[in-house]
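A.B. asks: I'd like to ask some things about the structure below.
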Amino acid sequence: MESYTQPLSDIYASLLQTSLRTKNPFAGKLVHAQIIKSGLHLSVFLMNNLINCYAKSGFLSDAHHIFDEMPSRNTTSWNTILSAYAKQGRIDDAYLVFKEMPEPDSVSWTSMIAGYNRMGCVENAIKMFLEMISCHVFPTQFTITSVLASCAAIESLGIGRKVHTFVVKLGLNSYVSVANSLLNMYAKSGDPVTAKVVFDRMKLKSITSWNAMISLHMQSGRPDLALAQFDQMSERDLVSWNSMITGYNQRGLDREALDILSRMSKETSLKPDNFTLASVLSACANLEELNLGKQIHAHVVRTEFNTYGPVGNALIFMYSKSGGVGIARKILEHSVTSDLNVIAFTSLMDGYIKLGDMNSARQIFDALRTHDVVSWTAMIVGYVQNGFNDEAINLFRSMIREGTKPNSYTLAAILSVSSSLASLNHGEQIHAKSIRLGEVSSVSVSNGLISMYAKSGSIDCAKRIFNLIHWKKDTVSWTSMVIALAQHGLGEEAIELFEKMLEFGIKPDHITYVGVLSACIHVGYVDQGRNYYKLMKDAHGIEPTPSHYACMIDLFGRAGLLQEAQGFIEKMPIEPDVFVWGSLLASCRVHKNVELAKVAAERLLLIDPDNSGAYSALANAYSACGKWEDAAKIRKSMKDKQVKKEQGFSWVQIKGEVHVFGVEDALHLQRDAIYRLIAKIWKEIKKMGFVPNTEAVLHDLDEEVKEQILRHHSEKLAIAFGLLNTPENTTLRVMKNLRMCDDCHSAIKFISKLVGREIIVRDATRFHHFKSGLCSCHDYW
């Protein structure tokens with residue numbers, strides 16, 4: 001029998017393939033030398049194999065050198081060098097080769113399309129495909145999968161559908177890879193209906209097909225359908241499990257994500273990867289499941305899993321949010337900093353902020369190489385939440401100086417600082433900044449502006465902001481406006497707005513009801529307040545909180561219905577708190593009910609033994625009834641127990657500077673001018689009919705001394721200073737930390753008429769707008 005001798009060219013070609021498989025490029029060079037010695041260097045077949053060997057071994061210049069010296073080339077020669085350039089990312093060189101090709105075939109076009117796609121130049125890939133069709137070159141399944149990936153990347157549904165028509169015409173839809181690419185394209189381009197049609201028509205479905213549908217359902221907000229699809233799978237890979245875990249986590253269904261992890265550990269031998277661990281740690285963080293998070297961390301350590309990158313970030317995030325900031329800090333310190341993202345640092349910073357440890361939070365913030373808007377905002381919000389207003393403002397200024405553009409959350413946070421300080425000038429600057437940044441229409445910024453203007457005494461500006469966002473008001477917007485109107489003495493408007501809110505179908509929350517009940521308090525609408533309290537429980541299913549109970553006690557108490565207030569307290573399903581007893585005690589003082597005041601004060605002091613307000617209110621109740629000895633005993637008891645009374649003070653902001661005044665203040669640089677002016681004003685308003693209310697001085701003193709004390713109350717001194725340092729006919733805004741006394745309220749009405757200016761005073765409970773001798777509260781306060 002005649003023996004078969006393998007051609008030498010086939011042997012050399014086989015050796016070249018072996019050198020590629022064994023990753024031994026020098027063996028390939030030796031084969032090249034033997035080819036030349038054997039005189040086979042003119043063989044197109046061997047030269048094509050050599051080009052392929054050199055290109056895949058990283059010697060692209062040698063490959064091109066062989067290509068250039070080939071006396072004869074075929075399409076495979078061109079495609080081999082073209083594909084080599086495309087796969088190595090040298091797409092411009094690949095395009096030069098492509099343009100020189102005598103007759104590019106489907107492989108040539110597909111290499112270019114895949115090369116562009118790989119480099120992220122998806123528009124070029126799609127353009128190349130369209131040119132290919134116009135040149136009447138039929139695409140293959142590989143062409144189709146590449147161009148569909150490009151369509152999916154830029155969510156180009158229109159072109160994707162055109163590609164689908166070619167798939168049908170050329171009969172390529174039977175290929176599983178093509179069908180999966182179609183699924184992916186429709187899912188990412190926002191057409192889940194067609195994606196499901198493609199899936200249902202597939203005769204052969206791979207795990208990838210099922211995974212694509214699971215991801216699609218999750219992205220479409222239908223985790224129930226995703227689970228149904230998942231349960232139908234006869235075989236699942238790690239991607240299947242990850243799609244469910246990550247999908248649940250991203251949809252906020254963190255408990256379900258952890259349940260799927262539990263199923264995975266019981267039903268399979270699959271090991272979690274980066275995606276699995278990052279998602280379940282995120283779920284633990286959101287649920288604040290510290291113990292479970294520690295178990296997952298222990299698994300990571302036991303399996304010697306790489307904790308750099310996503311898993312390290314996820315561990316820091318989990319510990320920071322779950323109360324384990326100390327462990328999070330250690331992980332951060334032992335990590336390669338470059339592998340940690342800003343989210344990890346920011347979450348650790350948030351963890352310290354939650355604990356009120358602002359120094360440690362600032363250390364983390366300062367350790368960041370670069371700050372994004374999220375980290376700036378987190379730090380600013382942290383300062384605001386912990387009462388460090390000056391630090392928040394300074395950091396905001398640094399943020400602006402460094403060129404980081406604040407977002408709506410940053411602006412809302414810094415507006416809350418302006419609200420706390422009642423700084424209208426500062427708030428107006430933030431308003432202007434919001435307009436320049438295009439964030440003024442944001443709901444959070446608009447709500448912040450409403451609150452800022454309202455708390456700074458400019459209720460008209462607050463109304464204008466509210467009206468500007470009428471097309472997208474949320475519950476917070478309406479609530480902010482209801483509360484603002486109530487605080488400014490516009491109780492009827494507040495109630496009217498609340499009714500309109502109900503008409504528009506916007507559901508009030510528990511804070512809204514605090515606002516509308518406050519409105520009823522300020523205008524004395526007792527029956528309406530009762531009705532709203534009932535509506536809150538019966539119509540909206542809101543269980544009363546201590547704040548609602550305190551509002552009702554205040555409503556009854558101010559109206560003089562002290563027995564009803566006491567009966568309401570006795571029927572409360574929870575133990576009355578400081579605010580409930582405090583409201584009753586304040587009403588007892590106003591209505592001179594000493595016996596009930598004693599009960600309220602005793603109960604209040606049982607809860608808070610160091611509450612100076614309880615002692616003062618009870619002493620004042622005795623004083624108001626002329627029981628000076630009893631009042632003195634209470635004050636002595638207060639002194640013996642070293643309970644310090646909160647000092648009253650008022651402040652006014654002039655040209656960005658805050659000026660603070662206490663009673664009988666003698667420290668201000670302009671004290672002489674202030675005292676001269678207040679003495680002059682006192683004489684003038686007495687001529688106008690003002691009678692000092694010396695009963696407001698709850699001490700047994702001579703009338704002349706009482707009158708002098710009244711004349712030098714902090715708000716009167718602040719008003720005198722403001723009149724000296726502001727232009728005529730401008731509004732004067734004064735803030736006070738305690739409730740204004742009866743005498744000041746009466747005097748300021750006369751002063752507003754005397755000087756012909758509006759004077760706005762914000763005390764501890766509300767705003768008073770004094771104008772032309774009248775007050776917005778209509779003397780019901």
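Keep in mind that glycine also has a Cβ here, set from the backbone N, Cα and C atoms.
From a predicted model like this one, the values you see are computed outputs, not experimental measurements.
These came from TrEMBL, pasted as-is:
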DOMAIN    689-781  domain 'DYW'
REPEAT    43-73  repeat 'PPR'
REPEAT    74-108  repeat 'PPR'
REPEAT    206-240  repeat 'PPR'
REPEAT    341-371  repeat 'PPR'
REPEAT    372-406  repeat 'PPR'
REPEAT    474-508  repeat 'PPR'
REPEAT    611-645  repeat 'PPR'
A.B. asks: Looking at the repeat 'PPR' (43-73) alone, can you tell me the average pLDDT?
C.D. replies: 77
A.B. asks: Give residue numbers and ranges for long-range contacts of the repeat 'PPR' (74-108): same chain, 6 or more residues beyond its ends, CB-CB under 8 A.
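C.D. replies: Here the qualifying positions are 44, 47-48, 51-52, 55-56, 60, 63-64, 67, 114-116, 118-119, 121, 132, 135, 137-140, 143.
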A.B. asks: For the domain 'DYW' (689-781), jot down how many residues DSSP puts in helix, in strand and in coil.
C.D. replies: 38 helix, 16 strand, 39 coil
A.B. asks: Taking DSSP states H, G and I as helix and E and B as strand, how many residues of the repeat 'PPR' (372-406) are helix, strand and coil?
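C.D. replies: Breakdown, helix to coil: 26 helix, 0 strand, 9 coil.
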A.B. asks: Count up the helix, strand and coil residues in the repeat 'PPR' (74-108) according to DSSP, in that order.
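C.D. replies: The breakdown for the repeat 'PPR' (74-108) reads 26 helix, 0 strand, 9 coil.
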